[in-house]
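Encoded as C-alpha cells, the structure appears first; notes follow it.
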Amino acid sequence: MLDEAKALDAADPLRAYRDQFDLPEGVIYLDGNSLGALPKRTRGRLQQVVDTEWGDGLIRSWNSADWIGTPQRIGAKIAPLIGAQSHEVIACDSVSVNLTKLIGAALKMRPGRTVILSEPGNFPTDLYMIQGLAGQGMAEQRLAHRDQIIEGLNEDVALLMLTHVHYKTGAMFDMAALTKAAHDAGALVLWDLSHSGGAVPVDLNECDADFAVGCGYKYLNGGPGAPAYAYVAERHHETFQQPITGWMGHARPFAFSDEYEPAEGVSRMLAGTPPILAMAALESGVELMAEIGMEPLVAKSRALSEFFRTAMAEHCPQMEPVSPAHPTQRGSQLSYYHPEAYAICQALIARGIIGDFRDPDVLRFGFAPAYVSFEDAGKAVAALKEILETGAWDRPEFKQRAAVT
Ligand SMILES: *Cc1c(COP(=O)(O)O)cnc(C)c1O
C-alpha cells in the first residue's frame, strides 16, 4: 500500500504545492475540511499588513492599500472556483450571517410565500438561521429528506436552501437538477458551498443558481474563523434587498446620510466594516487555491479519496462506509461509522493523524487536495488498522470528550 502511495505521489502534478503549506513535522492532516492548513505566504502577508499597512499607513490604508475594496477583490478571486462571474461574489461576515441576509432577500422576492425548504440533518447553523427568522415571524421551516426534496416543493416555498456537500456524510446534491426543480415550483435556491468551494466542481452560473454562501476557513485556507463569501446571481442585482442594511452596504457610506440606499449589485451584501487582518489571511489562502485552479484540485481530490477508500475496504473492514462510493457523488471527504468512533479518533490524533469525529459515531477524513499526499492517506489507513487490531483506542484518556470535537 505504501509503495503504491509513493508511486502516486511521484506522479502527482500538485506535489510541489505541499511545500507552500506550513504543516508541522510528524502530523498527517486529514481535517482541512474543518480548518484548512496555514499557507506559508500568509505569515508574510499578515506581517506586511500589520507593519506597513496598519502600522505605517494607519487610516490612509483604507485608500492607499485599498482596504475598502477588499470584500469585492477577494470575491472576484473566489468566483472562478465556483463558476461565478467576478462581480457576483463578495467576501464578508460569517456563513451564518450571510445565510440570514439571503433568506431575508429571498422572502422579500417571493411575496406570499414563507416556507424555507431544507433537509433534516443539514449543518446546524443553516437550520438555526431559518429558525431564527421563523422566531421573528418572517419564515416557516420545512424539512424534507434528501430523496424527497422535490416532493417538498410547492407554491408555499420561497427558498430551497441546501448544503451542496453534506458535512457529515460527504454526499453531494445534484445542483443543476434541484435548482431546476425549485425554479419550476417558483422558488429561489440558496446553496451552501462550505464543503464544496476549493474541493469539488461547482458551476453556479451553469446551474442557474440564485444565491450561494461558502466558508473561508475550510478548503480555502483562510485561517480560523475566516470571513465567508456570498454569491448573488447577476439577474438579481437590481432587485434583491437584504435585511442587514449596514453602512458598508450603502451606495455612498461616506456621505453619512440618514437614509439607507443600497449599493450596486453584490456590494449591498456588506453590513459592517471588513475585518482587514482576517481578510488579508483569507485573500492569501484564496490566491493560492486560485493559482492551482479547480481542475487539478478536483482530479487530485478524487484520486486521493479513491485510494483511501479502497485501502480502507481492504485493511479496515470494521469501519462501515458512510459516504457515497462513487467519487463524483461525494465531496473531498470520507466518513465511517464505528460505535467507538470518538476513542478511535483520539487514538489516531495521539499518533499525529488528525481526522475528526462527528457526533455520535462518525469518523471523518478530509482530503484537502492541495497538501495531502497519497503517502499520508496510506499511513493513516495503516495506523487505523493497527489501532483497530490491537484495541489501542480502548483507553480512558481517549474517551474523555473535549469542548470542541
Ligand atoms: C463550516 C460550515 C458553516 C460555517 O458557518 P460560520 O457561520 O461561518 O461559522 C456553515 N455551513 C456549513 C454547511 C458548514 O460546513
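Glycine is no exception: its Cβ is also placed from the backbone N, Cα and C atoms.
All TrEMBL annotations are machine predictions without curation.
Among the candidates Thr70, Thr163, Thr310, the residue that TrEMBL names alongside Ser96, Phe123, Pro124, Thr125, Asp126, Asp192, His195, Tyr217, Trp247, Thr273 for the pyridoxal 5'-phosphate site is Thr163.
Under the three-state DSSP scheme, Asp192 (pyridoxal 5'-phosphate binding site) falls in the strand class. Pro124 (pyridoxal 5'-phosphate binding site) sits 17 Å from Lys218 (N6-(pyridoxal phosphate)lysine), taking the C-alpha atoms as the reference points. Listed binding-site residues: Pro124, Tyr217, Thr273. Those with a CB atom under 6 Å from ligand 1: none. Around the Cβ of Tyr217 (pyridoxal 5'-phosphate binding site), the same chain contributes Leu35, Gly36, Gly223, Pro224, Gly225, Ala226, each under 8 angstroms and 6 or more positions distant in sequence.
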